[in-house]
Structure formats: structure tokens, C-alpha cells
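One structure is given here, and the rest of the page talks about it.
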Amino acid sequence: MEQQHRNQKSMQDQNDEIEDVQHGPFPVEQLQASGIAALDVKKLKDAGLCTVESVVYAPRKELLQIKGISEAKVDKIIEAASKLVPLGFTSASQLHAQRLEIIQITSGSKELDKILEGGIETGSITEIYGEFRCGKTQLCHTLCVTCQLPLDQGGGEGKAMYIDAEGTFRPQRLLQIADRYGLNGPDVLENVAYARAYNTDHQSRLLLEAASMMVETRFALMIVDSATALYRTDFSGRGELSARQMHLAKFLRSLQKLADEFGVAVVITNQVVAQVDGSAVFAGPQIKPIGGNIMAHASTTRLALRKGRAEERICKVVSSPCLAEAEARFQISVEGVTDVKD
């Protein structure tokens, strides 16, 4: 009887393992079972391709640039990866079923969650832009805590990753917000992987490190605050505009790949610039997010924040494939983002 129980438990463990393999991203080591040499797999990992999905998503010319991998090997790798992760057509009903499994991470405000239909969506990029002191970084701090909550409380049951380009990340804010949700402060801090980015190349390299970390453990959220700050200083003038936009496009594409591979919610903050033209004489200068069309096309959902009275802030859904254009009021307090207390 005991032996039968052990066999059943062993079969259950095997089924759980199979289920994990089927639903999670495939580690790139699985290519070895398809005849790819361990040395070549190591070269893929060193190039930042830590999952089979990342190999499939990469253009062929990118794989050819990896030192020590020949053209014949690249073709063999692509063939093996494509069998594990087929990228063909699927029916809209299958896609709809997959979309129903997407998790929304609560923002901390019920009013804000209402216009977001549950919260920040996983598996896509959400851009938050606005002037200074409008709550972008405070919303990011709140999300770092709420993403660790259980699913039934609006969380993502995962860790958070924070790339800080402006030096505005404050761990003590996470402790204050954790108290609001009854979470253990030290555990919350331990579940946030933090990195300070010092230039645009460093910011891009951090994404390679992020991918290898996401293979090892479950992350629910990836924040880049701000995605564009370093581009404003590293590239100057119209002469470097083309190079800046190309570099930014590659960075945003890498972020989208992380969202696709690991199902994380990617949140990027963006700075704004005053748009001074003829109408500004009468209506005052209008603001617009920097990054141009490349930034607009890369973001799945765009949220504009602006200041209200005192600590009140207003969030507007500017563009989204599934959310209606709407506004919500929220408040910045010691507990992070909360509903406005009238």
C-alpha cells in the first residue's frame, strides 16, 4: 500500500514537472536533447539567449554574429528551437483562451484599477509618462509590492525587477507600502532585484542579466524608471537623433521579448518635453512624451499622469488596444498609491 502511494506521488511529481515545462519558458539547455552541442548552448547563453523562446524570436543574423557558431549550426539551432516553440498560426479562440489567463497587477487604487480593467497587464509594456512629481515613481514603488501579493488579492505572486536610471528608488518606501498590505518588510525587499543604470549601453546590458535571472526564478514585474532619461544625455542634437532612436528601438524590442518569454508585466516611465508652437502663445505650452513614434508604437498601453490638488493625481488612458479612453483620480500617501479620500 505504501509502495503504491509512493508510485502515485512519483507519477504526480512527474506530471507536475511536465506541466511546468509545457507552460513555462523552455530553458535553452533543452536544445541539447535535439542534438545541439552543450558548448553551443553555452555560447547562446553567453549571448543572452537563455530560453528556447529567445532563440526563436531572434533574427537569423543575430545568431550568426555569435562567435564560434557557424552558419550550418545556426540553421540546425533554429530548426531545433522551432520544433519546441512553433510560431505558426493559431485560432482566435485559442488566443482568447490564453488572454483569459493573463494576470492584472493592482495599482493600489480601486479607481485606477477600474479604468485599467483590473490593473497593470502582464505580458505587455505599459508606459507611464508625465511631468516631474506627478506620481510615476511612486506608482512603480507600489507595484513592486503589489506584484508580490497572492492572485486573489490582485497580485502576481512573483518578484519584481527594478532598473533605476534616475536614482530615485527608495527601499524605505517599499517597507511603508508593505505595512499597508500586512507583508513582511524584509521579505518584500528581498524579492525586489535592483540595478542602477549609468548609460544607455549599460541599461541594455542589464536586460541580458535580467533574462538569465528570470529563467532561475519567477518574476511578475519589470520596471525601467525612466526608460528615456539616459537617452536624453547620451545622445544630443539632431545629428544623433537617428542613432538614438535606433538604440531606443532595440532596447524596447528587448523589453517586449522579456514580456513575451516570461509573461512579466513591463512598466516603463517616460519623461515629457514642452511642445512650443504657435498655439502655445494662447493656450500655454503643451507637453508630449519623448521618444517619438518609436516609443508610442512599442508601448501596448500608454498612461498619462498629471497633478491635481495637493497629493491628488489624475491618470488618463491615452492609448490601448482594449481599454477605453478614461480618467481616474488617485492619491499619493505614505502607503503608496491609494484612492482619493474625499
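Using N, Cα and C of the backbone, Cβ positions are placed for all residues, glycine too.
According to Swiss-Prot, the ATP binding site annotation covers G130, E131, F132, R133, C134, G135, K136, T137. Counting every protein chain shown, the number of other Cβ atoms lying within 10 Å of the Cβ of G130 (ATP binding site) is 24.
Sorting each residue of the domain 'HhH' (51-80) by its DSSP state yields 21 helix, 1 strand, 8 coil. Annotation comment: Swiss-Prot describes 51-80 as domain 'HhH'.
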Residues flanking the ATP site, with Cβ no more than 8 Å from the Cβ centroid of G130, E131, F132, R133, C134, G135, K136, T137 and excluding those residues themselves: L305, K307, R313
Mean predicted confidence [pLDDT] for the domain 'HhH' (51-80): 93
Around the Cβ of R133 (ATP binding site), the count of other Cβ atoms that are within 10 Å: 12
Neighbour count (Cβ, 10 Å) for E131 (ATP binding site): 14
